[in-house]
Amino acid sequence: MAEPQPPSGGLTDEAALSCCSDADPSTKDFLLQQTMLRVKDPKKSLDFYTRVLGMTLIQKCDFPIMKFSLYFLAYEDKNDIPKEKDEKIAWALSRKATLELTHNWGTEDDETQSYHNGNSDPRGFGHIGIAVPDVYSACKRFEELGVKFVKKPDDGKMKGLAFIQDPDGYWIEILNPNKMATLM
């Protein structure tokens, strides 16, 4: 007999839990440290993520032989960033949920260069999410800054959350964690 499915056709809560294992004790100090997005123009991306979303550049790494740079951003106080190079790198790579922007040198000057955001065929990567105290206030500010919206807070069936796009077209969900229970 087939297992009952929720209305969505996805896994039931029980089925989802049955697919999961308890964490091995050896993984107790693991953490999700970063997600990486390739960017065409680091100047535009750094401006967007710092000025528009309020993130802090916590580490920059250049790889001249391979012709690329990494920019790590997080919601951290810039005064907490260590000054000494090795300590700064270790500190940056021990933060939770950082955003790594990878820039392959020269893409900013190539008019044919673009990256797939995963939200059109073939679908894949979807979005990152930013928690904010007030979605409507944040979106009002984004509108004033000329940010491109995929979905405004009152559009569609899921009210109270929004999706914006960064300079490369990646989607960013804007949500209030305390309000999400009414949507899920």
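Using N, Cα and C of the backbone, Cβ positions are placed for all residues, glycine too.
Per Swiss-Prot, the features are as follows:
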ACT_SITE  E173  active site, proton donor/acceptor
BINDING   Q34, R38, N104, R123, H127, K157, M158  substrate binding site
DISULFID  C19-C20  disulfide bond
DISULFID  C61-C139  disulfide bond
DOMAIN    31-177  domain 'VOC'
MOD_RES   K88  N6-succinyllysine
MOD_RES   T107  phosphothreonine
MOD_RES   C139  S-glutathionyl cysteine
MOD_RES   K148  N6-succinyllysine
Helix, strand and coil residues within the domain 'VOC' (31-177) as assigned by DSSP: 35 helix, 46 strand, 66 coil
Fill in the CA-CA distance, N104 (substrate binding site) to K148 (N6-succinyllysine), as an integer in Å. 24
Same-chain residues at least 6 positions away from Q34 (substrate binding site) with a Cβ under 8 Å from its Cβ, in sequence order, are F72, L93, A97, T98, L99, E100
Within 10 Å of the residue listed as 'active site, proton donor/acceptor' (Cα to Cα), which of the recorded positions C19, C20, H127 do you find? H127
For substrate: widest Cα to Cα gap among Q34, R38, N104, R123, H127, K157, M158 in Å: 38
For R38 (substrate binding site), write down the residues of its own chain that are at least 6 apart in sequence and whose Cβ falls under 8 Å from its Cβ; none is a fine answer. L101, T102, H103, N104, Y115, D168
When the Cα-Cα distance from K157 (substrate binding site) is computed for each of the recorded positions C20, C61, K88, K148, which gives the smallest value? K148
With K148 (N6-succinyllysine) as the reference Cα, tell me which of the recorded positions C20, K88, R123, H127, M158 is the closest one. H127
Distance [Cα-Cα, Å, rounded] between H127 (substrate binding site) and C139 (disulfide bond): 17
In whole Å, how far does the CA atom of C61 (disulfide bond) lie from that of K88 (N6-succinyllysine)? 11
So which one is it: of the recorded positions K88, K157, which has the fewest other Cβ atoms within 10 Å? K157
At the level of the C-alpha atoms, what whole-angstrom distance separates C20 (disulfide bond) and R123 (substrate binding site)? 25
Other Cβ atoms within 10 Å is the metric here; tell me which of the recorded positions C19, C20, C61, C139, M158 scores highest. C139
